[in-house]
Structures are given as C-alpha cells and as structure tokens.
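Asker: Structure incoming, see below.
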Amino acid sequence: MSRSIAQMIDHTLLKPNTTEDQIVKLCEEAKEYSFASVCVNPTWVALAAQLLKDAPDVKVCTVIGFPLGATTPEVKAFETTNAIENGATEVDMVINIGALKDKQYELVGRDIQAVVKAAEGKALTKVIIETSLLTEEEKKAACELAVKAGADFVKTSTGFSGGGATAEDIALMRKVVGPNLGVKASGGVRDLSDAKAMIDAGATRIGASAGVAIVNGERSEGSY
C-alpha cells in the first residue's frame, strides 16, 4: 500500500532557505521511492529537471504566484512559461484569494485561465485554493472556477497560511469537481495514516515534505 501511495506523492521542498544539496537529496529520494514528482520553487526547476533526466516517471513540479497568489494573471502566465522552459511539467498556482472573497469571480477565473493557457499541452495545472482561509461557500466557488478554467487539479493549501489539508475539505472538493479532476491534499500530511485518510476522502495526489516518512510508516514533524 505504501509503495502505491509513493506514486501519488509530490515530494516537496518549498522553504525559502533551501540549498542545492537539499534539492539533490530531494531528487535522489524521489527516484529511489518512485514519487510522482518533486515540487520545488521556480529557482530550482532547471536543476531538478537535470537531476531527474534519467527518471522520466518522476515529474518536475513548481509553484506559481506562491505563496500569496497576489501577483497578476500576466505575471503568473510568465512564471508558468518560464518554469516550463526550465523543465517543469506540472505547475501549482495560487489563486487570487482576496478577489475570491470579494466575489470577483471573473478575475479569479481569468487568473486561473492565464496559467492553464500558458501550460496547455506542456504541463499539468493544479489550482491552490488555500482552504484554511475560505468559507465552505468560497471553497465551492473556487473549485467550480478551476473546473471552468480547464485546470487539471484542485489543491488545498500552500502550507504557508496556517492550516493544511483536512479530510472534510478533500471530500467537499471531490464532490464539487466530480470524478475527472485531480484533488491534491497538501499541508500537514505527515504519516501513512494521514495520507490514507486523504486518499479515502477523494485525494489523488499528496503534497508533502514527509514523503519518505510516509512510505516508511514513520511520522515527520514538518509544516508541509
């Protein structure tokens, strides 16, 4: 079971003080455990792509408009294009959270579409809605906008805004997006039990810095 879960894990390192040696270790672990991807900040994409060139099943994932989601659609589109040029094959973008709360749904939709269009045919797009900052109504609206924009996944959290994934949020997101969109649980998934709870609730991908601990049946005390 833990081995099949490994293939659902985005092995994640997004800390601002990340070093090159840590990225090398992250990629080595991803190859050893057959994780779905490594998820790194944009500055590390080219290195990760180089390190994983002999492991085509391990994707290179990066983050866009991260962690606040407060850049413009044009900037997010440029970030996406640049990341893909550097070797990213998956992008996790943060929505404009304030615009969602203001019910500026057209702006939020345009924000997501800018990244989807920039990534089209080249990279999967995952939409981070930052569940810990949203009401249930806002979570539903964000998921609906992601579906409408043509995203591939919805994702719970950045790991930088306090709360992380909950099984309740995953179940709600799965209900809204239906069976055909991916749902990624991220933030606070620290052991195999946490991961199984998210998968049982409807998650198809797990974002975690604790990937090795998860597949080894241990527990990690990280924030992501």
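Just so you know, the numbers here start at 1 and follow the chain as drawn.
For all residues, glycine too, the Cβ spot is worked out from N, Cα and C.
According to Swiss-Prot, the feature active site, proton donor/acceptor maps to D92, K184. Per Swiss-Prot, active site, schiff-base intermediate with acetaldehyde is recorded for K155, and the stated evidence type is sequence analysis.
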Asker: May I ask for the distance between K184 (active site, proton donor/acceptor) and the residue listed as 'active site, schiff-base intermediate with acetaldehyde', taken between their Cα atoms and rounded to an integer number of Å?
Answerer: 4
Asker: Three states by DSSP: which one describes D92 (active site, proton donor/acceptor)?
Answerer: strand
Asker: List the residues of the same chain that sit at least 6 positions away from D92 (active site, proton donor/acceptor) in sequence and have their Cβ under 8 Å from its Cβ, in sequence order, or write 'none'.
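Answerer: Set apart from D92 (active site, proton donor/acceptor) by at least 6 residues yet with Cβ under 8 Å, we have C39, C61, T62, V63, I64, F66, K126, V127, I128, K155, K184, G207.
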